[in-house]
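A.B. asks: The structure's right below; bear with me while I get my questions together.
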Amino acid sequence: MEDKASFKKHIRYAFRILHIDNMPHVMKYGLVHNDSPFASDSFVPIGDMSVMDARSTKQLPDGSFLSEFIPFYFGPRSPMLYNIQNGNGILTKKEPDEIVYCVIRIEDVINSDLHCVFTDGHALNNMSKFYSKSDLQRLDSLVKIEDVYATYWFNQSPWDDRKRKKEAELLFKDEIPPQFIVGFLVYSEKALEKMISYGIPKDKIIVKPEYYY
């Protein structure tokens, strides 16, 4: 996994955030669905249950439901992460040390047999368009890197669309094997040491505090 500013010329990675205590399970089974036979009984959730409920009723163009997919973002510092770190009345606040980015490479997705789709904005927003896996070949023309990597994403007016665009999603119908994860991003050396204690190789972990709030 590269840690160079040059990769920001193109969207090369996608990110899924999880609680650090889920990492031993992720290393063994990968990223799985909630109803998978490989799902963990001790999984530590960090997401907003009201959003998850809404995703279970959102139907995609192919007739499937959004909750059937494992979501990733194309950029860091998502509004979801902001809510998790700060709490919002629904979510219990989590410290940044507790949150890990699981990173996958877009090129690997294109070359894989994994079934996926993606959007140009938050998948629950009716303005967002859905695209097929084959459209990943032209990802940079459909999802703008300046939108998904934007530092400031709060809408400034009723006509501002930056928050929706910031949350463009890559959605997997298939479960993702552990070897597909190219690396992990953590907030601090403390989190790095905990990841290493879980048996994750140090060269697969990057300390990246600027990807947190």
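Each residue, glycine too, has its Cβ placed from N, Cα and C.
All TrEMBL annotations are machine predictions without curation.
Sharing the feature lines straight out of TrEMBL:
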DOMAIN    12-213  domain 'DarT'
BINDING   ARG16, ILE17, LEU18, ARG55  NAD(+) binding site
ACT_SITE  ARG55  active site, proton acceptor
ACT_SITE  GLU169  active site
A.B. asks: Count the other Cβ atoms sitting within 10 Å of the Cβ of ARG16 (NAD(+) binding site), across every protein chain shown.
C.D. replies: 19
A.B. asks: Give me the non-local Cβ neighbours of ILE17 (NAD(+) binding site): same chain, 6+ apart in sequence, Cβ-Cβ under 8 Å, ordered along the sequence.
C.D. replies: ILE46, SER78, MET80, LEU81, ILE84, ILE99, VAL100, TYR101, CYS102
A.B. asks: In the structure shown, with every protein chain counted, which of the recorded positions LEU18, ARG55, GLU169 has the densest set of Cβ atoms within 10 angstroms of its Cβ?
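C.D. replies: The residue with the densest Cβ neighbourhood is GLU169.
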A.B. asks: Using C-alpha positions only, work out which of the binding-site residues ARG16, LEU18, ARG55 is nearest to GLU169 (active site).
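C.D. replies: Checked the binding-site residues ARG16, LEU18, ARG55; minimum Cα distance to GLU169 (active site) goes to ARG16.
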A.B. asks: Give the maximum pairwise CA distance in Å, whole number, for the residues ARG16, ILE17, LEU18, ARG55 listed as binding NAD(+).
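C.D. replies: Binding-site diameter by Cα atoms for NAD(+): 18 Å.
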A.B. asks: Could you say whether, by DSSP, ARG16 (NAD(+) binding site) belongs to a helix, a strand or a coil region?
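C.D. replies: It is in a strand.
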